Amino acid sequence: MNDQPETGITPGGTSGAFRDVLSKDHARRGKPPLHFADMSEEERIGKAKELGLPKFRVKQLANHYYGHFDVNAEEFSDFPAARRSDAAEAFFPELIHEVTRQVADGGTTIKTLWRLFDGSLIESVLMRYPTRTTLCISSQVGCGMGCPFCATGQLGLTRNMSAGEIVEQVRVAAKAMRDGEVAGGSGRLSNIVFMGMGEPMGNYKSVLSAVRQISSMPPEGFGISARNITVSTVGVVPGIRKLAEEGIPVRLAVSLHAPSDELRDELVPMNKRFNTKQVLDAAHDYYLASKRRVSIEYALMRGINDQAEHAKLLAKRLNHYGDDWAHVNPIPLNPIEGSKWTASKPEDERRFLEILHNAGITATLRDTRGQDIDGACGQLAAKERD
């Protein structure tokens, strides 16, 4: 496996040109410590052999990690006492360290700021609902997509995250739910959305490895159904097509935000590389391959993309491909510090939804959890609080 951070795709220069980010460039400034979640089975067995441990100990470690969310030596009760610390240090180096934890919505929304091995900061958001618990996770440090209304997009891309760094966000949240650390008592982490910091398709190899580990049953993974995992993208077409070939029934979410190329060029710089037709073609092909409805994410911005003409054009573009293949999630824009972009008027939000519904498009206005702790969509900026 050895899924250490690979290359990504990021805007380059002021002309809108794009380039691949090489591993020696700023997207990979150093490798995190190799973690159990980064290793192939052969690498795990090899590491165990170096420690003088028999092969069957690897399966025991997998059961501890994926089945019980344990990484601490004292929890390895089935290991010889003298070997527990060695095993924990070799297989489970600390990849993410909690810096701050902010709580909102009566304790049912928790935003955590994490420090990585190199001092980089990322965030994840855990949201408990009556019938499910969703974790929004990061896949890159920062983001190179440059969307002007998104706090993460203003950071630029520092580097890709390893599979281990991604998976650890899930393990810690799953353990917190099991241990009753979230308001509502003990429960189960049920849904994962790759909608935190970063463009998941720009870190494809690590994200795919994480998806496999999240969705596989213990002791190979956490056992969260692939159907409850959402992978988002601003429209990196090669990534969408590659994901369709994997045969993993995750939901695809496309951050469209505009129905025309003229407007989307301004809101989503990646549109200069992959235009709306290319993105929607790929998204529809993903629907055909996966039999999963695609989510179309659409941040509503006052006077920019929230008028009747925009809703009508969006409906026309989606209906071009047929019925019931996409579900639109209009999202009230979440404010970010110093931004000129503001949320739509409630009456414009209602009219936008009504037009989509009348055109036969399924659409649901997105619940904006964690806005008061800058934990909602587009607000993750990984800042330490004063």
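Cβ coordinates come from backbone N, Cα and C, glycine included.
Taken from Swiss-Prot, the feature active site, proton acceptor applies to E123, supported by sequence analysis. The Cβ of E123 (active site, proton acceptor) has 25 other Cβ atoms within 10 Å, all protein chains considered.
Positions annotated as active site, S-methylcysteine intermediate by Swiss-Prot, on the basis of sequence analysis: C377.
What Swiss-Prot records for C143, C147, C150 is [4Fe-4S] cluster binding site. According to DSSP, C150 ([4Fe-4S] cluster binding site) is assigned to coil rather than to any helix or strand.
E199 (S-adenosyl-L-methionine binding site) falls within neither a helix nor a strand when secondary structure is assigned with DSSP, and so counts as coil. Taken from Swiss-Prot, the feature S-adenosyl-L-methionine binding site applies to G198, E199, S232, S255, L256, H257, N334, supported by sequence analysis.
Note: C136 (disulfide bond) has non-local neighbours S124, V125, L126, M127, V193, M195, G196, i.e. same-chain residues 6+ apart with C-beta under 8 A of its own C-beta. DSSP assigns C136 (disulfide bond) to a strand. Among the features that Swiss-Prot reports, disulfide bond is placed at C136-C377, with the record citing sequence analysis.
Under the heading domain 'Radical SAM core', Swiss-Prot lists 129-372, citing sequence analysis as support.
Calculated from their C-alpha atoms, the gap between S232 (S-adenosyl-L-methionine binding site) and C150 ([4Fe-4S] cluster binding site) amounts to 15 Å. Scoring each of the binding-site residues (C147, C150) by how many neighbouring Cβ atoms lie within 10 Å, the top position goes to C150. Nearest by CA distance to G198 (S-adenosyl-L-methionine binding site), out of the recorded positions E123, C143, C147, C150, is C143.
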